[in-house]
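Asks: Pasting the feature list from TrEMBL:
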- 1-10: compositional bias 'Basic and acidic residues' (COMPBIAS)
- 82-540: domain 'Amino acid permease/ SLC12A' (DOMAIN)
- 1-23: region 'Disordered' (REGION)
- 83-104: transmembrane segment (TRANSMEM)
- 110-131: transmembrane segment (TRANSMEM)
- 143-164: transmembrane segment (TRANSMEM)
- 184-205: transmembrane segment (TRANSMEM)
- 217-236: transmembrane segment (TRANSMEM)
- 256-280: transmembrane segment (TRANSMEM)
- 301-322: transmembrane segment (TRANSMEM)
- 356-376: transmembrane segment (TRANSMEM)
- 401-418: transmembrane segment (TRANSMEM)
- 430-451: transmembrane segment (TRANSMEM)
- 472-495: transmembrane segment (TRANSMEM)
- 515-535: transmembrane segment (TRANSMEM)
Amino acid sequence: MESKREKDVDSPSTPPEHAPRYEFYDPSKESVWTRVGLSLESFKRAPGTTGGQVVAGGNNVSDLERVLADAPMLQQKMKPRHLQMIAVGGSIGTGLFVGTGSALRVGGPAGILIAWLIIGVMLINVTQAIGEMSILYPVSGGFYTWAVRFLDPSFAFAMGWNYVFQWAVVLPLEITVAGTTVQYWGQDIMHIAGWITIFWIVISFAEEEFWSSCLKLLVVIMFIFIGIVCICGGGPSGGEYDSYLGGRHWSDPGAFAHGFKGICSVFVTAAFSFAGTELVGLAATETPNPRKTMPAAVKGTFWRITLIYVTSLVIIGLLIPYTDGRLLGAGTTSGAAASPFVIALDNAHIKGLNHFVNITICISVLSIGLSCVYAGSRTLTALAETGYAPRVFTYVDKSSRPLWSVIAILLFGALAYVNVGADGGIVFDWLMALSGLSTLFTWLSICLCHIRFRRAWIVQGHSVEELPFQALGGVYGSWFGVILIILVLIAQFYIAIWPIGGTAGLSGGEIAQAFFKVYLALPVMILFYVIGYAWKRTLPQRAHEIDLDTGRKSWLTVEEMRQFRAERKSAPLYVRIYRMLFTN
């Protein structure tokens with residue numbers, strides 16, 4: 001039933017007696033060089049939408065051509081494997097490979113495990129909400145556009161610009177980390193400015209993230225197996241893991257580095273390491289059939305959190321004591337040399353693997369750099385489409401690049417050069433403070449959008465059974481996500497006021513500076529909200545006024561969905577188990 005209905009509505013054809021009312025662009029008629037963006041023709045503006053997204057529910061759509069035309073200018077070029085890797089490997093980068101070292105030093109092995117589990121549970125609810133809404137509304141800008149529609153345009157303006165600046169600032173950070181990663185093999189090879197230039201150029205022209213995500217997954221899985229062997233005492237003779245280690249480091253020096261404060265202080269590090277998972281919400285608009293591909297991407301989040309992050313953190317906490325002086329922030333090392341992955345392999349005296357992991361770290365930070373350009377440019381384009389950014393950023397070329405938005409985000413890469421100067425670190429700290437809590441605000445927005453969407457859906461006479469994908473916890477899961485995010489924000493406020501080590505000996509100015517380096521994103525959000533409200537003077541809509549039709553790509557009725565689910569239940573048990581765990 002599913003394939004037949006989707007096939008019925010998969011083409012923007014119109015009866016011959018009627019002239020087409022919309023101009024659909026067919027990229028397949030262009031040369032291959034134009035499609036991949038390597039010809040002069042590819043830089044020209046795309047003449048119209050491709051109408052390339054599948055519309056489910058042909059019997060319930062009165063004007064199919066309008067529904068097909070009501071689609072983003074971006075082409076639906078993303079394949080299922082690309083979407084899977086965005087969900088599973090897209091956010092594995094600096095946060096996991098390097099940032100966990102700083103978190104271990106501050107929170108201890110139990111502290112980081114608790115913090116990552118809390119953020120992970122929160123994120124599962126967030127991605128479930130993304131799955132439900134993105135399959136129904138694969139619109140340009142994803143969760144930013146949902147916030148405009150379901151919440152408040154002024155809040156969406158604040159969240160959208162904060163999200164753009166988050167990725168715009170993370171881009172030079174990743175470029176800098178890539179430069180310092182290479183210096184693991186010697187600081188006299190090339191000046192850091194030279195490496196920054198090279199990696200900036202590489203990110204500007206690279207487009208393929210699939211293979212880098214595969215490599216990251218391979219390295220993490222390999223590290224997990226090696227870690228288990230080392231913990232059991234199977235490491236090379238002469239290394240630190242040639243005898244049974246077990247949970248020794250949980251008792252000496254201990255499970256918690258700074259108690260409750262230590263746990264609170266690593267929440268943002270955990271959120272930073274998971275940042276990018278929400279990109280599947282942006283990617284849905286460039287997927288031909290989100291109904292088929294999004295459920296697998298959403299459910300992949302659970303497995304990534306469980307098998308990759310949690311398992312890796314447990315092994316790191318067992319292999320390395322939080323008092324190790326090489327961990328990030330301890331003062332003796334920086335960059336990739338401070339990665340707990342590299343430290344553990346150095347301790348084990350496993351020759352060559354530390355270099356392999358270091359190469360992977362270098363590739364992974366470049367991969368996250370690509371995510372920065374992707375997320376920032378798509379959100380900036382959506383801001384322009386809704387009138388909250390200059391119209392020039394709505395430009396999408398024939399190879400499906402939001403050209404001026406991509407260039408704008410790439411220009412922020414030049415900020416990496418501030419690290420060359422003597423005061424560069426100070427400038428960079430403040431830039432990072434601007435986006436420190438942005439990920440949490442974005443996730444909060446997604447959960448609130450889901451709550452408001454469900455309310456409007458019911459108020460306007462729809463049934464939850466019509467939804468092609470239902471969030472695992474329903475609206476209660478989103479409320480749980482909201483509560484967890486608020487608690488994390490409160491914990492961060494607590495750390496900002498009463499930091500680890502106290503404020504003894506600090507002047508009032510230094511105390512204020514330390515606070516805003518942790519919590520600057522909140523006043524920036526408030527400032528953007530005030531600007532957005534003063535500019536457009538918009539207020540949230542009532543549930544019965546919310547537009548539930550624009551951009552909608554699933555029009556199946558309750559009866560059709562019941563029939564579809566009944567057919568799915570008739571499948572063999574092993575197929576149903578596989579669908580429950582990995583697809584829809």
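Keep in mind that glycine also has a Cβ here, set from the backbone N, Cα and C atoms.
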Asks: Can you see whether the transmembrane segment (301-322) and the transmembrane segment (401-418) are touching - at least 3 CB pairs under 8 angstroms, only pairs 6 or more apart in sequence?
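Replies: Taking Cβ pairs at least 6 residues apart, the transmembrane segment (401-418) and the transmembrane segment (301-322) are not in contact, as fewer than 3 fall under 8 Å.
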Asks: Same chain, outside the transmembrane segment (356-376) by at least 6, Cβ under 8 Å from its Cβ: which residues?
Replies: 86, 89-94, 97-98, 163-164, 166-168, 170-171, 174-175, 177-178, 181-182, 184-185, 199, 202-203, 206-207, 209, 212-213, 215-216, 219, 223, 276, 279, 282, 336, 339, 341-342, 345, 405-406, 408-410, 412-413
Asks: Please indicate, using numbers and ranges, the residues of the same chain that are 6 or more beyond the transmembrane segment (110-131) and have a C-beta under 8 Å from a C-beta there.
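Replies: The answer is 87, 100, 103-104, 142-143, 250, 255-258, 262-263, 266-267, 269-271, 273-274, 277-278, 280-281, 294-295, 297-298, 301-302, 305-306, 309-310, 313-314, 316-317, 443, 446-447, 449-450, 469, 471-473, 477-478, 480-481, 484-485, 488.
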Asks: Which one, 143-164, 217-236, 401-418, 472-495, has the most C-beta pairs under 8 Å toward the transmembrane segment (515-535)?
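Replies: Top-ranked stretch among 143-164, 217-236, 401-418, 472-495: 143-164.
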Asks: Ranking 217-236, 256-280, 401-418 by the number of C-beta pairs under 8 Å to the transmembrane segment (472-495), which range is first?
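Replies: Between the stretches 217-236, 256-280, 401-418, 256-280 has the largest tally.
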Asks: Average pLDDT across the domain 'Amino acid permease/ SLC12A' (82-540)?
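Replies: A mean pLDDT of 84 is what the model gives the domain 'Amino acid permease/ SLC12A' (82-540).
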